[in-house]
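Annotation comment: TrEMBL describes 98-149, 207-339 as domain 'Aminotransferase class V'.
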Amino acid sequence: MRGIITPRGVRDSAQAALADLEGDVDAKLRLDGDGEPHKPHEPFGRALRAKYFSHEPGWIPLNHGSYGAAPHPVLSRMRALQDQCNLSADRFMKLEYEPLLVEARGRVADLVGCDTDDVVFVTNATMGINTVLRGLTTEWKKGDRLLYLPTSIYNACERTLQYIVDTHPHVELSLLPVPLTYPLSHASLVAQVAAAIDAANSDGTGRTVRLALIDAISASPGVVVPWPQLVATLRERGVLSLVDAAHELGQTPRIALRETDPDFWVSNVHKWGLAPRTVAALYVAKRWQHLVHSIPIGFSYKQREFNPDGDAHWTREFNWSGTIDWSPVLSVTAALDFRRDVLGGEQRIYDYCHALALEGGALVADVLGTKVLENERVEDGELTACMVNVELPLPRPSTYTASSLSSLTSFWIARLSALKTFAPIYTHDDRFWTRLSAQVYVDLDDFRKGAQVLDSVCDEIRRREF
């Protein structure tokens, strides 16, 4: 850190201690929780779960999408880093953590296809969305509209947009919701957004769409959104693109940010990337880096000028904005190593999880006597990545009172948890749906058992036992 001079002997001792600790960590990474060596390209399914993950015995894990799960070797790396810090917090904070942080940023940058200095870490995707929107304070013009997709937006992100409107009364911002109904072809989705922008920009009020907050893979319903095409459409109309990619890193095998060129993009790494909770990657295009600052503001803050080639100082603000536990962030490299060396890489992971989502979703729909939320024609684009949405055999949500809906949701959470599984329930197009996550530690039998639980709980709800 600037202003701190470290004697050479102290630096040498720190480096020696770090090498010893890294040797211990490397040894742990070569073993699973039972002390057995890794096999290259481990077989997926329940055996992988027993060997590498910490789920409660008997638990049917069908909700990876909400909170993720880190494997034993990655958790070992995290705990080793915590031990390393506790041996000498001064040495760790002043000498050791920052090179590891830069390495982790570089690994993520390689994965998502951008420069190392275009990506920083934040605690979660919601923090990333907040960081971007608050950084744009000086960019808003009177009457600007902020577009979003209310059908699928994460509630905290919608609330953040409302906060931006509420705290900028002097520029009279407003929200422009574009509701969607799935199943919906990718082309139709893009066309609806384009039409909404064109109509808003030509309504005679002089108010224009300035920014659009869009999903990469939405949460509820958990569907693939054609965000690269949306970004291109937004760019053509002079609209800033903020991509909430909370579910994308680790679920999409190829992310190419240089090619797609969004203005802003943020994804959790602790969800589908198998890193410890919590860490997310925030990408900011070089043209906007001068505006984006850490939350909270730290001692590296400074006002910066526009530079089309980027601003290296912006990453420094995120390197330190206050004391935190760096171990989940620095364990990202171990998570990516595990995905490559043990699981066989992004494409192998995706191929298994995607196929399982399709087959598992069809199985669950068959047991429930319902359907999967998916486009029928290949040319319309696929909605399913590694999360699949299945309709629940329940009366229409519109037939319930608000109080009954609240009671139903509480019953759903408690009852499924008691039966050792969970899958979120949500409403869309006046139907109840559930979202099921396929993951490398899940197999078709998990979907089969989960379907039986869902069928039983739906039967209890139909009998009004909640």
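For all residues, glycine too, the Cβ spot is worked out from N, Cα and C.
All annotation found in TrEMBL is predicted automatically rather than curated by experts.
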Helix-strand-coil residue split for the domain 'Aminotransferase class V' (207-339), DSSP-based: 36 helix, 26 strand, 71 coil
Segment confidence, the domain 'Aminotransferase class V' (98-149), expressed as mean pLDDT: 98
The domain 'Aminotransferase class V' (98-149): DSSP-derived helix, strand, coil residue counts: 32 helix, 8 strand, 12 coil
